[in-house]
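Colleague: There's a structure below that I have some questions on.
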Amino acid sequence: LSQDDPLTNLNTAFDVAEKYLDIPKMLDAEDIVGTARPDEKAIMTYVSSFYHAFSGAQKAETAANRICKVLAVNQENEQLMEDYEKLASDLLEWIRRTIPWLENRAPENTMQAMQQKLEDFRDYRRLHKPPKVQEKCQLEINFNTLQTKLRLSNRPAFMPSEGKMVSDINNAWGGLEQAEKGYEEWLLNEIRRLERLDHLAEKFRQKASIHESWTDGKEAMLQQKDYETATLSEIKALLKKHEAFESDLAAHQDRVEQIAAIAQELNELDYYDSPSVNTRCQKICDQWDNLGALTQKRREALERTEKLLETIDQLYLEYAKRAAPFNNWMEGAMEDLQDTFIVHTIEEIQGLSTAHEQFKATLPDADKERQAILGIHNEVSKIVQTYHVNMAGTNPYTTITPHEINGKWEHVRQLVPRRDQALMEEHARQQQNERLRKQFGAQANVIGPWIQTKMEEIGRISIEMHGTLEDQLNHLRQYEKSIVNYKPKIDQLEGDHQQIQEALIFDNKHTNYTMEHIRVGWEQLLTTIARTINEVENQILTRDAKGISQEQMNEFRASFNHFDRDHSGTLGPEEFKACLISLGYDIGNDAQGEAEFARIMSIVDPNRLGVVTFQAFIDFMSRETADTDTADQVMASFKILAGDKNYITVDELRRELPPDQAEYCIARMAPYNGRDAVPGALDYMSFSTALYGESDL
């Protein structure tokens, strides 16, 4: 345009209007420029035509913007739904694969194999489960955020695929924790059982070896026919020797019973090598019964010739009677001194040490008995030398020699200091274990109450009304940061717990907290702070989307807290009904009132959880004043773009909408089948209702 050429300017304007805006040429430029007062009505008609042309264009632009907004929300919601479905499927699959592993209670035969299982379980608790706890928390956050956005955009609530609801995931997670609950206890019990089995098996082998060594040759001795050709004095000696053997046999009865009892206990505890133990035990018992029968048979044979016996060496007999129990006592002492022990507390090792000191106190009397027994043998030697008695240099009543007694006595004296050293080393180990218990207890007694205090503080923040929602959100995020910064102390406690388990410490009197309690409390704390932050963020979304003031939010919170009698953070059906009645809703106890209350509950509790959250309470209180899109509004916008037609074409969509959203509509709109349809016509009406869940998209 040129300021100096009004005639050309007007002609250009009239031509452009006629060509591009469908405004017919009503005046000549010369009639306006060359006339002092142009026709006022003609001018007004011309200006009115321009006004209507530009006004129509502005409506089309507004309609397109509205459609873009609705489609953008719908696309974002669909992406969130797909993300939820994938995350839920992955988490459920992991739970499905993990539960059978935790439910596997197949025992192992060795301590090493069971300790490896315990190590695998510790790796699961430290490395594999925590990321899944975070995924479960993130899944709930995504679900709540999606439902909030759907409510704000006036869309129907999202219903996940069958088996992928939040409740389904919580049930599956509960099954996982139920399977996990008894697994560690089972592992520790199995380790204790195997430890006990190893101890019993070693004890069985020692006692069996000692008994078998003692019984070696006894059957052959009892089956001898030496009394048939013996002299009178020899017969008397054989009878006395047999009496001494019976005394010795009776002294070994306890050991045989102990062997049988240990074998029975190994069977009851499912010892893996029970068949060989049972075979050896049966052999010992059969041999013992045979020894008893042979002993009785030999006694009867000797008693038949007892009347022929006139003399006997009383000193040999006394030696045999005293040497046999003393020898048995020494064998028992050697067995006790070499016996392995398992203790778990300082008190237990102190008890063993006290018993050992009491045993050492009996050694002087035992040495006197040994000297007395050796004195009897020395006296026999003197008699033999004095009276030249032909005793062949051996005691006819016992096979226990002074050399054997001295050898065993010397062995007992050597075993005593070894036992002292073993008890001292075990005492030092138990002192170290007690230090570990106190160290763990001191930390657990601080961390446990700290977690409980933080849980209570977070609960108070979520229901109190101090400051704006942004202030509450900042406060919660500061809490979250402080909680995350506390993680090294949890890790340190885990390290102490690992040392305790490696030391096979099974109880701790210095604290009531176990590592399992601390882990569960820590996981609940992380989940609670994340869920609370998500609730406040959703409240901010609701407030901003529906134009709720901070004063209104405070009023809503005050009303909610007033009817939340149990301070659970949610309203039960009866609490919510009392709230509605106080707000003026006519909800009686009749059928009509129950129906109205059921309708309202379906709005605030679409998932039928039986509780009303504060977010749902805000949505309900502000629903009447909400400015949200509807299916009719979107339908009207499409009609504007279509030029008042009942259908819209592909070209019109691509001309009026951005490319990605135009293609989104083209891919999802059904063909229009009305009488006025043209080739390629699309049905925007069914598409609009489908966006809001009123029909299938």
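Each residue, glycine too, has its Cβ placed from N, Cα and C.
Curation does not apply to TrEMBL; its annotations are automatic.
Grabbed the feature section from TrEMBL, which reads as follows:
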type   : residues : note
DOMAIN : 1-55     : domain 'Calponin-homology (CH)'
COILED : 70-97    : coiled coil
COILED : 235-269  : coiled coil
DOMAIN : 551-586  : domain 'EF-hand'
DOMAIN : 592-627  : domain 'EF-hand'
Colleague: For the domain 'EF-hand' (592-627), what are the same-chain contacts with Cβ under 8 Å, counting residues 6+ beyond its ends?
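Modeller: Residues packing against the domain 'EF-hand' (592-627) from afar: 144, 147-148, 151, 154, 157, 165-167, 535, 538-539, 542-543, 545-548, 552-553, 556-557, 560, 568-573, 576-577, 579-580, 585-586.
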Colleague: Mind looking up the mean pLDDT for the domain 'Calponin-homology (CH)' (1-55) in the predicted model?
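Modeller: A mean pLDDT of 84 is what the predicted model shows over the domain 'Calponin-homology (CH)' (1-55).
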Colleague: Residue counts in helix (H, G, I), strand (E, B) and coil for the domain 'EF-hand' (592-627), per DSSP?
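Modeller: Residue counts for the domain 'EF-hand' (592-627) by secondary structure: 25 helix, 1 strand, 10 coil.
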Colleague: Just give the helix, strand and coil counts over the domain 'EF-hand' (551-586), going by DSSP.
Modeller: 23 helix, 1 strand, 12 coil
